[in-house]
């Protein structure tokens with residue numbers, strides 16, 4: 001048969017190989033396309049069936065490929081190539097043989113593995129090369145039959161459909177045999193329920209539904225572990241659990257129908273396995289609509305007939321939201337699955353899960369993880385990390401804390417690093433002094449030499465300790481790794497029924513390694529001086545939680561305890577004349593940091609009442625500065641912007657269907673990003689009454705649901721609302737007792753706000769009006785800020801007492817608080833200073849003295 005006529009009968013794979021063989025012959029300046037060119041092209045093909053056959057037949061692919069390349073180099077080259085190549089008579093003979101075999105097999109197309117069979121029957125140079133590299137005819141023919149699986153080649157893409165399970169699925173039952181699955185604990189009920197559904201006569205397809213991170217995939221891995229251990233009912237023994245790789249199934253599907261062909265090939269192979277394969281589809285909702293294009297089926301619809309007939313045993317896994325959004329819409333697909341709800345485990349169950357994973361993570365990181373660290377990981381993640389589920393978030397905490405310790409072990413200790421940098425500095429200084437000849441320099445050089453020697457000795461001593469510690473840790477990590485391998489081997493020996501080997505490992509090798517590990521740890525503990533941490537403790541877990549959330553969970557240092565005990569002093573340095581307010585806020589912060597505050601409510605919620613300019617907002621700023629070392633960590637919301645009813649949506653986000661739904665709310669987004677913050681609602685009485693309805697949940701439960709249905713945690717915020725209500729009463733009753741003044745103000749407040757709102761606030765605090773004595777201290781604070789601004793320009797400021805007293809006189813107004821004083825400083829001090837600075841009157845490093853001569857302020 002002519003080659004051109006025959007080429008229409010080749011499969012797509014064989015056509016690609018022949019095209020590649022032609023390119024290879026042209027590239028190497030050969031006159032003809034020889035069998036070597038075709039075989040080389042088949043070897044280089046991605047997912048080549050020739051490679052699979054050669055491996056089954058016991059050949060070494062690397063050696064075969066090298067031998068073929070050497071044989072190609074020995075072929076004669078054309079001196080002046082024209083770029084035209086023809087198929088050689090030998091190649092044509094082989095292709096005719098392929099056609100003959102195809103007809104004998106009842107194939108409609110000629111597939112590439114027939115070329116390999118033709119090579120052996122033609123008995124040419126290529127056959128001798130293959131035999132020389134361990135590929136015997138009998139083994140190759142048997143491998144060809146195994147790959148074909150007794151099927152005829154009936155379409156152009158038949159080769160792509162072969163081994164569909166191997167290409168598009170992952171064997172989950174093989175993973176426990178290789179020791180690659182972490183132990184699954186506390187999910188016996190769900191695994192038993194899944195097995196129960198799998199044994200049903202119809203609708204024997206469980207779908208695991210639960211929030212992200214609760215362990216749906218782990219349940220399937222637990223089932224695979226039981227199948228591998230044969231700890232399952234008789235009907236499930238010997239079955240294979242395969243996970244569908246949807247990405248591989250979709251990748252590279254260039255033409256319409258290609259995806260459907262691949263999925264159909266997978267389903268056909270599963271059907272042929274006669275119930276011995278269980279297919280696991282993670283994120284099963286992605287099958288609804290996958291591969292859908294105009295006029296074609298999607299993957300979900302292709303699964304339905306196989307599920308209905310019972311040909312396909314399938315386990316699905318998806319989240320509650322995605323099940324509702326995708327699966328429930330397709331009722332025909334949904335009814336073929338039986339739901340298994342997977343709930344979030346409790347903190348106690350999570351601790352048990354972590355204890356079982358502990359050893360795996362210790363082996364991976366080469367460190368120790370203490371039991372208190374596991375308990376802390378479960379408890380702290382449950383309390384402080386919202387928006388994620390146990391056990392996933394607790395495992396992540398443990399993993400990151402272990403990674404931090406591992407990184408420290410691999411790095412040079414801080415004390416050695418400091419000495420190293422100091423030595424470099426001293427050596428540079430020594431090089432400079434060596435060039436000097438005067439007596440002072442020589443004395444300094446002598447002192448320097450002594451210091452360098454002392455530092456080098458200290459560094460050498462520390463390095464010796466460090467290297468010994470590193471060696472000890474490395475030794476312990478190696479023993480743990482060996483123990484892990486022995487345990488995997490023990491399980492494999494039990495499965496094989498090799499009880500002699502199992503007994504040797506269990507009662508001989510494992511106890512010996514455990515004893516060795518104990519001795520190593522005892523030696524490490526006995527070292528008097530330790531440079532490195534090699535254990536994850538509860539403190540490391542708390543550090544990671546603080547880093548993730550910004551919430552100070554870590555154990556308080558003595559310095560912080562001291563600061564908290566004297567918090568009033570710190571706040572009073574900036575907030576003058578408001579002792580009651582400062583005490584109330586300080587007590588709330590202390591309760592929280594001592595762990596005594598209600599964990600279901602905000603740290604504190606206060607309503608600050610008082611006239612303008614008395615320090616309500618300043619106290620909030622001071623508190624933010626104390627808690628976070630920055631005033632920027634205060635979420636300030638000006639409530640005068642929320643005077644309309646519809647403006648509530650700006651706080652929590654627009655509801656679905658409205659413009660801005662995807663942008664989130666101003667308040668909820670700010671707190672979601674910084675859960676530990678001071679939230680200030682300024683001028684709260686100016687807001688619409690409906691705004692307070694949204695705040696009721698925040699004040700009582702410490703949480704708020706935003707427009708997108710996400711719960712935002714307010715339990716670690718200090719909520720402060722400021723108001724000018726009753727400020728005229730404060731002025732009128734300034735001479736009366738604090739309680740009398742407060743009750744008069746609260747009457748006005750109760751008339752404006754609803755009782756349920758007032759009742760949820762921890763404390764309503766009335767700020768006093770400011771007296772002249774307070775104004776003097778405020779003037780000092782304001783001038784100190786001016787002094788700091790001038791320091792950046794290298795200028796010093798000194799203000800005489802007469803000048804401060806005059807500023808107080810000019811800026812004192814009982815109705816307006818401290819703000820008139822600020823304006824007086826601007827007008828009488830800052831404005832003249834600005835003119836003088838621009839005129840160049842003051843040079844850097846000079847001192848500006850401000851006085852008062854009885855009429856005007858003086859500047860010297």
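Keep in mind that glycine also has a Cβ here, set from the backbone N, Cα and C atoms.
As recorded in Swiss-Prot, the features of this protein are as follows:
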DOMAIN    6-150  domain 'Clp R'
REGION    10-75  region 'Repeat 1'
REGION    87-150  region 'Repeat 2'
REGION    163-344  region 'NBD1'
BINDING   210, 211, 212, 213, 214, 215, 216, 217  ATP 1 binding site
REGION    345-550  region 'Linker'
COILED    395-529  coiled coil
REGION    560-769  region 'NBD2'
BINDING   610, 611, 612, 613, 614, 615, 616, 617  ATP 2 binding site
REGION    770-860  region 'C-terminal'
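All features noted in Swiss-Prot, drawn onto the structure.
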{"residue": "210", "record": "ATP 1 binding site", "Cβ neighbours (10 Å)": "21"}
{"residue": "212", "record": "ATP 1 binding site", "Cβ neighbours (10 Å)": "13"}
{"residue": "213", "record": "ATP 1 binding site", "Cβ neighbours (10 Å)": "17"}
{"residue": "215", "record": "ATP 1 binding site", "Cβ neighbours (10 Å)": "28"}
{"residue": "217", "record": "ATP 1 binding site", "Cβ neighbours (10 Å)": "15"}
{"residue": "611", "record": "ATP 2 binding site", "Cβ neighbours (10 Å)": "21"}
{"residue": "612", "record": "ATP 2 binding site", "Cβ neighbours (10 Å)": "15"}
{"residue": "613", "record": "ATP 2 binding site", "Cβ neighbours (10 Å)": "21"}
{"residue": "615", "record": "ATP 2 binding site", "Cβ neighbours (10 Å)": "26"}
{"residue": "617", "record": "ATP 2 binding site", "Cβ neighbours (10 Å)": "18"}
Q: Have a look at the binding-site residues 610, 611, 613, 614, 617 and say which one has the shortest Cα distance to residue 210 (ATP 1 binding site).
A: 617
Q) Which residue counts does DSSP yield for the region 'Repeat 1' (10-75) in the helix, strand and coil classes, in that order? A) 48 helix, 3 strand, 15 coil
Q.
Among all protein chains shown, how many Cβ atoms are found within 10 Å of the Cβ of residue 216 (ATP 1 binding site), not counting that one?
A. 24
Q) Nearest to residue 216 (ATP 1 binding site) by Cα, among 611, 612, 613, 617 (binding-site residues)? A) 617
Q: Pick the one among the binding-site residues 214, 614 whose Cβ has the fewest other Cβ atoms within 10 Å in this structure.
A: 214
Q.
Nearest of the binding-site residues to residue 213 (ATP 1 binding site) by CA-CA distance, picking from 611, 612, 615?
A. 615
Q. Closest to residue 212 (ATP 1 binding site): which of the binding-site residues 612, 613, 614, 615, 617, going by Cα position?
A. 617
Q) What same-chain residues, at least 6 away in sequence, bring their CB to under 8 Å of the CB of residue 211 (ATP 1 binding site)? A) 319, 320, 344, 389
Q. Looking at the binding-site residues 214, 215, 217, which has the shortest Cα distance to residue 610 (ATP 2 binding site)?
A. 214
**Q.** Cα proximity to residue 617 (ATP 2 binding site), best match among binding-site residues 214, 215, 217
**A.** 214
Q) When you average the Cβ positions of 610, 611, 612, 613, 614, 615, 616, 617 for the ATP 2 site, which other residues in that chain have a Cβ within 8 Å of that mean position? A) 608, 618, 722, 767, 817, 818
**Q.** Other CB atoms, at most 10 A from the CB of residue 616 (ATP 2 binding site)
**A.** 27
Q. If we check Cα distances from residue 215 (ATP 1 binding site), which of the binding-site residues 611, 612, 614, 615 wins as closest?
A. 615
Q. Would you list the DSSP helix, strand and coil counts for the residues of the region 'C-terminal' (770-860)?
A. 51 helix, 15 strand, 25 coil
